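The structure under discussion appears below in the form of structure tokens.
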Amino acid sequence: MAVVSWKEICLLTGLVVGCYWNSLFCGFVFDDVSAILDNKDLRPTTPLQNLFLNDFWGTPMSEERSHKSYRPLTVLTFRLNYLFSKLSSSSYHLLNVVLHAVVCVLFLHFCRLLLDRSTSFVAALLFAVHPIHTEAVTGVVGRAELLSSIFLLAAFLAYTKSKGTDHSIVWTPIISTVFLVAVATLCKEQGITVIGICCIYEVFVAQGFTLPMLTHTLLQVLRGKDGFPYAVLQTLLKLIVLIISTLLLVIVRVQVIQSQLPVFTRFDNPAAISSTPTRQLTFNYLLPVNAWLLLNPSELCCDWTMGTIPLVETLLDPRNLVTVVFYGMLKPQISIFGLFICLIQIFSLFLLSFSHGFKLLSQRGGLKKMSWLLMGILLTTHAVKTFNRNWDWESEYTLFTSALKVNRNNAKLWNNVGHALENQNSYERALRYFLQATRVQPDDIGAHMNVGRTYKNLNRSREAEEAYIIAKSLMPQIIPGKKYATRVAPNHLNVYINLANLIRANDSRLEEADQLYRQAISMRPDFKQAYISRGELLLKMNKPSEAKDAYLRALELDHSNADLWYNLAIVNIEMKDPSEALKNFNRALDLNPQHKLALFNSALLMQESGEAKFRPEANRRFLTYVKEEPDDANGYFNLGMLAMDANENEEAEHWMREAIRLQPGFRSALFNLALLYSQSQRELDALPVLEELLRYHPEHVKGLILKGDILMNHRKDTRGAKACFERILNMDPSNVQAKHNLCVVYFEERELQRAEHCLVETLAMAPQEEYIRRHLAIVSNKMAAMSAAGQPIAPTEGVASEAGEGARKENNLRKSSPKESVSSQGHGQSKKLDAGQPDKRTKSKSTKEIKDIEKKRAAALKRLEEIERILSSD
């Protein structure tokens, strides 16, 4: 075997870089989204052993919805990419380009086994630039093919060294081959096919046997005229080792998928589920179709499923002639070995045959220059085509619209363009593509589901429901005793979930929605999403115990799902069991320490408990939350509330200011910042904050009360204070606190008769409040004493001044406003539940709230005693 020089390696590498450098500007498209963006196995928080328990897309192999594609070593390389660059697509594309260069060099080594030096290099150059490779190189998930090809070629090259110079067996290369085959198979399943290539190579190339020779030897042995030659026995021994190793790999593979095949629909591969002879005729026709793509890669498409290639259903179909011609053009001496090479790369046979033809032409003197010129043109055009094809993979929209230019009979392509537009919130345009998908493939359940979802996003509920009902009608009908999991694609069962999620917005149809969830569960008892959605619905129906049972059943199916533990914690809160809720929040965080909703709500639960021992951990969780969600003002607000609880006023002010900066007009943050200033004897600093609060929320009662208090006690502005209390009473005439405070203003202004009348009205509103009764008695007695002494009851200049002095003290007659808290709206449901649902928070008062109320009552009684003493002394 000729050695590959460094010059050849550099030329191949440079050519690869020249063709594929623009792929670094492409994003994650098509299957990259599921394999990279949505795959939790890439995250460092996921245990490494999960890579060997889950499929290529991160779904546990034990689940029936798993694709059963077991490629843990490929996923490991994705994880390494994530470790160094998170989700920056450039690094993923860069590694793919490097791997393609390695494949090209190994392919050159392989070609040297069959062709001379120059011809093999031409084959490798064609391999490097051929446009058909863009899917494997520019598509990130194509790394599975790249890695598998590297180890497959390495395994074959290792096996070629298993024959010693004395024709003995060299076992080290054979052991290396078996190991490399196992590695190739863990990168992509097709890697195991190299064993067949090695077997064919051993018999027909290494040993030089032909079919007639083997037939003659076998007949001689069967007739007893002769035994097996030593060379044949050696070959048989090597083949037995290869076959046994293959069987072991197959057994392990079957155990990994737990003897279950993935569930595919008739849309994924129509020919595979067709009857004889349609299946055989179509599969054979696909060979010349792919051969034509190798010869003329001008119309490449990223997806060839569904109706892309109509089925060849009869022998009279004229396309069968193309199949016959294709087989007729294959030379026997190339076809046996070359068809196996096709398993390495789909066009290896083409490259070898083409390069061999080039060799013949170049050896003819008159055609030598012409052949090299044509080869240069071919390499240039292929390189340019590859470079331009890379731009099609820039985004999902560009990829699928380019595919539609080639094939307009594939409903999946219309759907995928719709998805790309949907991700851009261009729902009207997306709807047109989804509707076209239903016209191209009227029985495509997924297309009708897409139409329904888009109508829902456009707030056209009636049309959405109609679309979902059409999709539901296309589902298999109930057959007693039939196992539906083998007949229905898991994603199609989502039609029940989507329809139920739509109609449950109408409170009168909750039972109907529940029936749909139960129907989905009856068709597939391991349908986890149905339990999750049903649990949320049961919460809405005020059935927390049943909701808890639904989530527990889902946890039996997926115990390591952080979202499920989070949802169960929400149920615990509904059931007024905060301690159990905190435990389940913690379980969610054990599985996913960055689970944002669990971080926020568990910290909120700790804060609401009022226990000082929880404050450090609650503070840590809120800090982690704001690191994950730096633009969410709620996180900063709750950090401020924790600091206020701990009397850390400067820190509290900082967090409240940050919350207001992120969300101008943040009601709770503005009020509590003003309250913080008031409690810190910075009442005048509180006034601008209250002004801002009331500009955004002019009906904020607590803000008006606090503003009135400051105006009366610190600005001596009884008129402004009176305006605040009167505004409250205009909005809510039954507000006892505002009414009582207005009475105090009248007293401060020495309008005793008006104050007395006001207190009488206030007492009628709250006859159970003893302090109002006492204050009324004090004012009445004061008026009686002044009348007896002949003093005027109407206010005078001197009396008004005296009242102004007592205003600061008499303000203590009112109960101070409690701190205002904010619920975690928008943070109460897992992403598995419907978006936009508010937190399911318990309505009972927390221990902290009860303690606050007791403190305020005690302070109020003390202030009442003080004001009564002041009034009596006057």
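Glycine is treated like the rest: Cβ placed from N, Cα and C.
Note that the structure is predicted; figures quoted are calculated from it, not measured.
Marked as compositional bias 'Polar residues' by TrEMBL: 819-828. Residues or ranges marked as compositional bias 'Basic and acidic residues' by TrEMBL: 831-853. Residues or ranges marked as domain 'DUF1736' in TrEMBL: 259-330. Summarising the annotation, TrEMBL assigns region 'Disordered' to 797-853. The repeat 'TPR' annotation in TrEMBL covers 411-444, 528-561, 562-595, 633-666. What TrEMBL lists as transmembrane segment is 9-30, 92-115, 136-157, 169-187, 194-215, 227-252, 336-358.
Proximity of distant same-chain residues to the transmembrane segment (136-157), defined by a Cβ-Cβ separation under 8 Å and at least 6 residues beyond the stretch ends, is recorded for 20, 23, 26, 28-32, 35-36, 56, 71, 73-74, 77-78, 89, 92-93, 95-97, 99-100, 102-103, 106-107, 109-110, 176-177, 180-181, 183-185, 187-188, 190-191, 193-194, 197-198, 201, 302, 344-345, 389-390, 393. Looking just at the repeat 'TPR' (528-561), the mean pLDDT is 92. Taking DSSP states H, G and I as helix and E and B as strand, the repeat 'TPR' (562-595) has 27 helix, 0 strand, 7 coil. Helix first, then strand, then coil: DSSP counts for the repeat 'TPR' (411-444) stand at 27 helix, 0 strand, 7 coil. Against the transmembrane segment (92-115), the recorded stretches 9-30, 169-187, 194-215, 227-252 differ in Cβ pairs under 8 Å, and the greatest number is found for 9-30. Listed as Cβ neighbours of the transmembrane segment (169-187) (distance under 8 Å, sequence separation of 6 or more from its ends, same chain) are residues 70-74, 144, 147-148, 150-152, 154-156, 158-163, 194-195, 198, 234, 237-238, 241-242, 245-246, 249, 253.
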